[in-house]
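Okay, so here's the structure we're looking at.
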Amino acid sequence: MWKFLKEMPKVELHAHLNGSLNTNSLQDLAEKVYGNTSEEFSHLCARFVNFEKDSNLDKCFEKFAFVHELTSTAAGLQYATELVIRDFANDNIQYLELRTTPKANKNYLRRDYLRIVLDTIKRSRKKYPNILVKLLPSINRSEPVAVAEETVALALEFAKTDPDLVVGIDLSGIPTKGKFTDFCGALDLARREGLKLVIHCAEIDNPPEIKEMLSFGMSRCGHGTYLTEEDFAQMKAANIPIECCLTSNIKSGSVSSFEEHHLKRLMESDAPRVVCTDDSGVFDTSLTNEFLLVVETFNVTRDQCIDLTLEAVKHSFASEQERQQMALKVEHYVNSLQTD
């Protein structure tokens, strides 16, 4: 089954740039850009993917400071982006929607940050021709609304110059920070101007905010861990898929066991859902591994894995032609198995 899943042309719809660098890539990045190959750095990398039993969302977010330091220069950000694309390509991901929060520091402005990432995506096409990469700039709800408005303005600016690359906006960050309603103006502008919306919703048990988010609407829901049965029904009626990230939810402490993960209820009710990694580096996983967990936990068949992949194709922000090409790749893969 692992070989089948590994070779399957998969679709990744929920991947954060800075969280998707695995330990090998972190060491490659440190060595190439910063010349750091010390034993101390190796220990830092090991600690980066190590989770205690009492881990929670706050402890997970603390880990990102380590990677943000490595991507705080133009060269670091550029190489990190290339490494993430490389790692997903090596896992036979045929389509990747990468999300990242534009950052500003002494080395670059937020516009520069997005330009570096976009330019790297373009350059990577020749090196990794079998993976199609799109970008979703992220609003960090921990930051001021003015920063969110700048992020949306930049996303719209680059969506005009690179419409095949910038396809949506993500709202993420520490879920206990900021008020969702404060960001609705910026999100609504993005939606009115044609960008798709992905909202990290119900990561924590906050019923009033969950209701606000569902009322506001979204193209896809990130996590949905604390959605009620009524919320699930509302999502299904609106055909809003929930991005299920099993390892992430377990290691962050938001779900107590794989068996209790809400993906089970979504599959039983045939509600829209997609399997994703979230932060494959931080959580030391891959999309192949996530599918294997789904297979082993819920007794999912090969055909169901194919169906889950085709569902991800359907809910991607790719163009209609790109979705057809992705579905064709999956079909060719299935046909190749039948002729073996």
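Easy rule for this one: first residue shown is 1, then count along the chain.
Every residue gets a Cβ built from N, Cα and C, even glycine.
Under the heading Zn(2+) binding site, Swiss-Prot lists His14, His16, His200, Asp278. The Cβ of His16 (Zn(2+) binding site) lies under 8 Å from the Cβ of Leu98, Arg99, Thr100, Ser138, Ser172, Asp278, Asp279, each of which sits 6+ residues away along the same chain. Mapped onto three states, the DSSP output places His16 (Zn(2+) binding site) in strand.
When other Cβ atoms within 10 Å of the Cβ of Asp278 (Zn(2+) binding site) are tallied across all protein chains shown, the result is 28. The feature N(6)-methyl-AMP binding site is assigned by Swiss-Prot to His16, Asn18, His68, Thr100, Thr101, Pro102, Lys103, Gly173, Glu203, Asp278, Asp279.
In the three-state DSSP assignment, the secondary structure recorded for Glu203 (N(6)-methyl-AMP binding site) is coil. Under the heading active site, proton donor, Swiss-Prot lists Glu203, citing similarity to another entry as support.
Swiss-Prot lists His223 with the feature site 'Important for catalytic activity'. Every protein chain shown contributes to the tally, and the Cβ of His223 (site 'Important for catalytic activity') ends up with 27 other Cβ atoms within 10 Å. His223 (site 'Important for catalytic activity') falls within a strand segment according to DSSP.
For Lys103 (N(6)-methyl-AMP binding site), the same-chain residues that are 6 or more apart in sequence and have a Cβ closer than 8 Å to its Cβ are His68, Ser72, Arg110, Tyr113. Within 10 Å of the C-beta atom of His14 (Zn(2+) binding site) sit 27 other C-beta atoms, taking all shown protein chains into account. In this structure, the C-alpha atom of Glu203 (N(6)-methyl-AMP binding site) lies 6 angstrom from that of His223 (site 'Important for catalytic activity'). Taking the Cα atom of each, Thr101 (N(6)-methyl-AMP binding site) and His200 (Zn(2+) binding site) are about 14 angstrom apart. Least packed by the Cβ count within 10 Å, out of the binding-site residues His68, His200, is His68.
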